[in-house]
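Down below is the structure, laid out as structure tokens.
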Amino acid sequence: DAQMAAGDLGELLVPYMPTIRVPKSGDRVYKTECAFSYDSPDSEGGLYVCMNTFLGFGREHIERHYRKTGQCVYLHLKRHAIEKVPGASGGALPKRRNAKLFLDLEINSEFNSDDFEYEDEAKLVIFPDHYEISLPNIEELPALVTIACDALLSAKSPYRKQEPDSWEEELQASKHAKTLVQLDNGVRIPPSGWKCCRCELRENLWLNLTDGSVLCGKWFFDGSGGNGHATEHYRETGYPLAVKLGTITPDGADVYSFDEEEPVLDPHIAKHLAHFGIDMLQMQVTENGLRDNDIKPRVSEWEVIQEAGVKLKPMYGPGYTGMKNLGNSCYLNAVMQAIFSIPEFQRAYVGNLPRIFDYSPLDPTQDFNTQMAKLGHGLLSGQYSKPPMKSELIEQVMKEEHKPQHNGISPRMFKAFISKGHPEFSSNRQQDAQEFFLHLINLVERNPVGSENPSDVFRFLVEERTQCCQSRKVRYTERVDYIMQLPVAMEAATNKDELIAYELKRREAEAARRPLPELVRAKIPFSACLQAFSEPSNVEDFWSSALQAKSAGVKTSRFASFPEYLVVQIKKFTFGLDWIPKKLDVSIDMPDLLDISHLRARGLQPGEEELPDIAPPIVIPDDPKALDIDESSVMQLAEMGFPLEACRKAVYYTGNLGAEVAFNWIIAHMEEPDFAEPLAIPAFGEVASSGAAALGAVGLDNQPPEEMVAIIVSMGFQRNLAIQALKATNSNLERALEWIFSHPDPEEESDPALDTMDMENNANANILADTVSEGPRIKDGPGRYELFGFISHMGTSTMSGHYVCHLRKEGRWVIYNDLRVCASERPPKDLGYIYFYHRIPS
């Protein structure tokens, strides 16, 4: 293109000036990732950032945005990898400080930085004619355009939280990590017994990564106290990086940069720790350095599950794309790899990708189906999983294309959207993969794509048979579920003698502060767990309508339908006597072929007599604060992985009617911002009005509180009838029950307006209790299944540790460990947490 004079450039931009904006505080600038793909400035076509919406688009999607919005001016960002010129001695010239790196991107670690350097380029591009204006061009461009470009290039990451009470900054790699000098002074750090070398403090200790000094901190990073000796040491020596002892796990560690005065990432942390004799694969999080297991190689679940010590062959191509760990996001990575290995999800999102993208809103970063389609395409296209180039071709390819090899995707935009408003998933803390799976299914249910909902493949009906032990009468109810929760039958362990001997040795070693003996893991037969699932369980505080009083009751669960895909959760997580969450470290011989046909529900049997449909008396105390909370129901819910305070609220607001009713309340309210906040009991007069409104339960047009609807529905009444009764009585629970009994023959057809309003006003309604008039969507069939995947957890509780996914593809097992995707040699099927089975066709 011919060079334009300054006046010509200004005249060229005049028609577009009203569309060019300067980013303001609060604007999110997406300059590192395409809204529809995982293209970035590193990609071959670079990234185009709209100068009005600040959304980024790869070369494949920029035309779509231009056609949809009419926006013409984009900032094109590109990072080039350039081969260094060899020096006179034949080696590469020393790398100069490159002032042309201005994009906030990671350096590609797959290329030797001694042979290549990086250079960033920015241009203004005007559509549809693709006029290009190189930057910087201060003299020739209008001042507004120059200011807008500078503001866009200097904008911070859009993934920083803006709320002051929950602000968490995205950690950046330290500038010292790559070039850190470590002294060869022979220092080796023991696995425990640490103390500050200046004041003998034994907590909040930091290991300097240059000389191996162990020193105490001073009220920074995590709020812990100390005498500041780690900072003093930096001032004296200039050694910049330190790692907090007790935070080192196979997944990373807390690193602080004294020079940069902030927490940082150290991409080379494993090598830096190995210099002082610390093997990250052996470490688990503690504060005082006493590890839960000081065990021998290939016995720890960390090593067995990740198949450490075995040379694994990397896998590349469609369906073998890794996902970057964003900091305790492995639970998300594992679940999404399993989800997009299922054909129904592939068809729903990747198969419909053009239609989803074409009909996405103007801001596709805030659309669930767009982000699901983007993630599915990123994992399945093979575009981001290519084998490394052969060494003899690197020079030729680099000279021709200047394109480094990038593998794996970073699900940052997906995580930011799917976790928005959720107090747990929006944090950088570790989460329960089972809870996230249900959260995802909830979102899939609320955002339909096409005529069929892909989550239907998991949906099944559970028949619950409750029997009064005294009258022997029964009640049959059905509910919808998505996961089969299998209890761990510890009493059925086949190696009890070894377990007892190990426990004695472990306690002796702990008392003497000696290394612990080799771990002995309980071996549980799968058949025992299945038997425990099928056995009757006691019903707490059972009220018998036959006796009109509380009585002993038992409940048995069976499958009223079998799903296309059966998800089995092993209930490994529980609470100790001290209420501290813990995990059962067990080995269960999970079968490759599973037949649960014998668990098919049979309904009311000949000779059985049903319990009468009589509601229990509702007792509302004058002082609601005096209402006791059933702690046993609270603990049952907490064992499922829900926050303790949320469980307490669920039990309270459902009137202590048991864990099942409270579980429904949790599912209906888990998206609310105060979901995990402590219980705030309203005054008596506010229970049915403002108190419920504070929970987000009152909909438009005086919609009844969802928890009151749940209480009435749990008594066996239809949902529409419960809503009508509460509306007719101004949400007074006692009067609503009286209204129901005084209207024994309600109209068979419910009010369509009521149904519509109910669906609209319950966006967060319980997806596990389908209320659509045509009945639950199920895909019933035979109860024979084949295992095709499992998610494993390493660590002592859902609040810490690491997740890995194994999937069977093309006849062999593959391990998905964040970015690392390899052929599995020894899939640890006995140590899984969540298992995925596919129905065997008849």
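In case you wondered, yes, glycine gets a Cβ from its N, Cα and C as well.
According to TrEMBL, the feature domain 'UBP-type' maps to 172-280.
Residue density at Cys196 (Zn(2+) binding site): 21 other Cβ atoms are found within 10 A of its Cβ, drawing on all protein chains shown. The Zn(2+) binding site feature in TrEMBL is assigned to Cys196, Cys199, Cys216, His229.
According to TrEMBL, the domain 'USP' annotation covers 321-840.
Annotation source TrEMBL lists active site, nucleophile at Cys330.
According to TrEMBL, the domain 'UBA' annotation covers 628-669 (among others).
The annotation domain 'UBA' is assigned in TrEMBL to 703-743 (among others).
Feature annotation from TrEMBL assigns active site, proton acceptor to His802. Neighbour count (other Cβ atoms within 10 Å of the Cβ, all protein chains): 24 for His802 (active site, proton acceptor).
Comparing Cβ neighbour counts within 10 Å across the recorded positions Cys199, Cys216, Cys330, the minimum falls on Cys199. You'll find the Cα of Cys199 (Zn(2+) binding site) roughly 34 Å from the Cα of His802 (active site, proton acceptor).
Residues in the domain 'UBP-type' (172-280) partition by DSSP class (helix H, G, I; strand E, B; coil) as 16 helix, 21 strand, 72 coil. Mapped onto DSSP classes, the domain 'UBA' (628-669) shows 30 helix, 0 strand, 12 coil.
Along the domain 'UBA' (628-669), the predicted structure has mean pLDDT 82. In sequence order, Cys196, Cys197, Arg198, Cys199, Leu215, Cys216, Lys218 make up the list of same-chain residues 6 or more apart from His229 (Zn(2+) binding site) whose Cβ falls under 8 Å from its Cβ. Neighbouring residues of the recorded Zn(2+) site, listed in sequence order and excluding Cys196, Cys199, Cys216, His229, comprise Cys197, Arg198, Glu200, Leu201, Leu205, Leu215, Gly226, Asn227, Gly228, Ala230 (Cβ within 8 Å of the Cβ centroid).
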